[in-house]
C-alpha cells in the first residue's frame, strides 16, 4: 500500500462536446515528488490538474489518490488543495481569515490552535504578522504566498499549482521558484505544477510530463528530458536544438556537413535504415578560435549571424557543403574577440550529444 | 461520443428555469394571446371567435388608423434623431473632456432628472409651454411678444420636445459607453498618420462609436412609438399617437380585438424599422466586425 | 463651445424639474406665473389626504414586492447567464430581457387581455406586481450580470477546494461579493416600479398606485399644487435612493479593491 504511487491515473479521456481535451492519460506520481505538467496552451495540462482536483469530470478513466478511487468524488472531499492561477484570494476577508478558511470546519481544533496554525503557515511563507491585513491590499507576490499558506495549512496529500508564477514579473518569478522548491522540501508534500515555461519546469521539478494535444509525449527527469528528448517536438519545445538531415546505413550514421559516426556513439530513439534527422543542443558544440587545435570531430563553415547577449554570444554557422545552418552558444571569455559575420568557423562537436530521431 | 447533460448544464438549466417560466407565462403567452385576439372581432359586447383578417384590413385602409400610425412613426423618428443628435456632444464631452474621476458624477447629474416622476415631468412641460407658462411669461415680461404664443403646446412639436427631454439619458448612456471603449491611442495614431482633428473624428471616432449610436437610436425609438402619456397630455388632438388609440379600443371604444390588432401592427412595424436601422447602420459603417 | 453646449443641455434637462419646488411653495392654485407668494400649506395638505396615503401605501407594497421578486429571478438568470452554458441560452435570455425594449403599453395590453378577457381574473395590486416583476427583472439582470462577471470563478472553486459545500460557498463567498449588486438592483427595481404608470393604469383594479392617483389628480386642477408638493418629496426621496445606491456600489468596489468602471447604469 505504501509502495503504491500516491496518484494513479489510468485511461483518462475528456471530451468537451466534440473537443477531445484529454486523450488517454496514464500517469503515476510518487509521494513527495515535485512533478510538472509542461506544455503549450491548450495541451490539456490545466484540464488534467483540474481532473485531479475534482473540478472536471472525466469522460472515461479512473483517478486514484492515496490508494482510494476518487474519480467521482467532489473536490471538497479530496485530499488535494489548489493554488489557483489568479490566486483566488477572498477579497472580503482578511489575510488570516483567508488562511484559516479551510480550518473553519475543524471541530477538533480550538480557536487558539487554529490561530497558531495560521500564524505558523504565514511564517512559513514569510508573511509573519500579516494575519490582520486586508487581502485586497496585497501585492501579487504576497497574494501568492497567502494562497500557498491557505492550502498548506490544511496539510493536503497533494498540492496542485496552476501556473502559479505566470502573473509575477521576471525577478519575482525567479525568486518564487527557489522559494517553492524550499517549501516543498520543507513540508514534503507532493507538488504538481502546471506550467508552459520549460525553464521553470526544468528548474523546479523532480520529473516532468510534456503534453501536446491532450496526450503525454514524454515523462522524464529534467536532465533526461533535456538531453534525450524522445521526439523532435519535445526537443523543440524544451530549449533550442539544431536539426540536420541524416542517413542511417547499417551501423553507421552519416550527417552531411558534420561527417559519419557509428550508430552506437549517438543517442538513438530509432535504428532503422534510411533518411532521418539528428539534433544537438547549441552548447554541446563549440567554435574553435585561432590557436585552438582541431579535435576528433570538427566541421567547417562560416559565421552567418552573431547575436551578442553579454555573458553569451550566439553564432549561426553555415556548414560547408550543405544548406544547413546550426546555432552555437558560446560563453564569452574575457579577452577573446567576438567573431564577425563572414569569418571562417571551425565547429568542434561530439557524437555523444547527437540525438537521432525517427 | 454522446455526452449526457453534464453537471454544469443541469445547474444552468435549473437556475434559468424560474425566470424563463415566468417570462414564458407572463410575456410570451400573453403576447401570443394578443396575436390570437387580433384575428377575432367584436360587435358591441359579443366577441366573434372566427379567425378573420378584417381588423388588419380595416387598420391598414381606414385613414384614421393610417394617419395615427404614420404620425406615431414620424414623431418617434423625429424624437429619436433629435434626441441622439442632441445627446452625442454631451456623451462626447463627458467621455473625452471630463476628468476620469469626475465621470461618474457627470453621469449622475445627467440621470437625476430622469428619476423624477415621469408624469410630473410631462406635466411640468405643460407648465413650461402653456398659455401662462414659463416661456410665455418670460417673453411677455421681457416685452418681446405682446400676446402669449399658442403654438407651443398641444401639437406634435410639444410631443417631440417632451419626449426628447424624457429620453435624453437613454441616448447619452449607450453613446458614452461606446466612446469610453475607444482606445485613445487610436486617435493619436490617426493624428500621427496625418489626419486633422476633424477627419480623425469622422474617420475614427464616429465609426467606432457607431454601435453606441445604434443602441441609442433603438433605445429611444422603440419605447417612444408606444408612449401613451406624453401625446395624451401635451399632444392635443393633432398629437395623438398609436398608444392612445390602442388604449381607447381597450377602454372607451370597447373593441379589444381592434386594439390587439393595432398593438400587433405597431410591434411589427417597430421591429421592421429597428432591424432596418441596424442593417443600414452596419452597411454605412462598412460592416465593421 | 462644447462646454457651453453641454451646460445649455443640462439647463434643458433640469428646467422643468426646477419648477417643481417653485410651485410646491407657491401660494396659488393656478400653476402659472406670476407667483403668488410663499406657503407650505400644500405640504400640510399632503398629510391629511387619505386617498393619497392609500395610493402611496399601494405603491410601496407593489414596488417592495416587485423589486424583491425581480431581484430573486434576476439573481438566478444572471448567475445562469454568466456562469453556465446550456442549450437555447441566447433565446432564453433574449425572451427574459425583451421587456427592456418592448413598449410598456404592449406589456400592459397583453397582460390585460390574458388576465381579464381570457382568465377572467379580477384586477388587483397583484396583477400590477406580476407585470412590474416582468419589467424590473431585465434591469436587475443587467446590474447582476456585471456583478457576477467581475466575480472570479476560481474564488468559488477555491472555497470548494478548501472544504465548503456548494451551499456554503454561495453563502460565504458568492453572496457577500455580489451583495452590492443585489442592493443596487433592489433600489433600481423599486424606483422603476414606484414610477411606472402605463402598466399600472391598465392593470390596477379599485386600488390605484401613486402614479395612477397622480394621473387622476391632473384632471382636477385644484389639487395640482398638492401634487407639486408630493412631487418635490418624491424627487428628494428618489435622489436619496440613488445616492444610496451609488454609495453602496462604491463601497462594494472599495471593499474588494476593484477598479471603478462607471455607474451601475
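Placed from the backbone N, Cα and C atoms, the Cβ positions cover glycine too.
If you look up TrEMBL, you'll see B:69-279 marked as domain 'ABC transmembrane type-1'.
The transmembrane segment annotation in TrEMBL covers B:20-40 (among others).
Long-range contacts of the transmembrane segment (B:73-93) within the same chain, counting only residues at least 6 positions beyond its ends with a Cβ under 8 Å from a Cβ of the stretch, are 110, 156, 159-160, 163-164, 167-168, 170-173, 175-176, 179, 209, 212-213, 216-217, 220-221, 224-225, 231, 239, 241, 269, 273. What TrEMBL lists as transmembrane segment is B:73-93 (among others).
For the transmembrane segment (B:105-124), same-chain residues at least 6 beyond its ends with a Cβ under 8 Å from one of its own Cβ atoms are 90, 94, 98, 162, 165-166, 168-169, 172-173, 176, 229-230, 233-234. What TrEMBL lists as transmembrane segment is B:105-124 (among others).
The annotation transmembrane segment is assigned in TrEMBL to B:131-154 (among others).
If you look at the transmembrane segment (B:160-179), the same-chain residues 6 or more away from its ends with a CB under 8 A from one of its CBs are 75-76, 78-79, 82-84, 86-88, 90-92, 94-96, 107, 110-111, 113-114, 118, 121-122, 125, 129, 205, 208-213, 215-216, 219-220, 223-224, 227, 230, 233-234. Marked as transmembrane segment by TrEMBL: B:160-179 (among others).
Residues or ranges marked as transmembrane segment by TrEMBL: B:200-222 (among others). Tertiary proximity for the transmembrane segment (B:200-222) is limited to same-chain residues at least six positions away from its ends with a CB under 8 Å from its CB atoms, namely 76-77, 79-80, 83-84, 87-88, 91, 167, 170-172, 174-179, 181-182, 186-187, 190-191, 270, 273-274, 277-278, 281, 284-286, 288.
Sequence-distant contacts of the transmembrane segment (B:260-281), counting only residues of its own chain at least 6 positions beyond either end whose CB sits under 8 Å from a CB of the stretch, comprise 34-35, 37-38, 55-56, 59-60, 65, 69, 72-73, 210, 213-214, 217-218, 221-222, 225-226, 242-243, 245-246, 249. Taken from TrEMBL, the feature transmembrane segment covers B:260-281 (among others).
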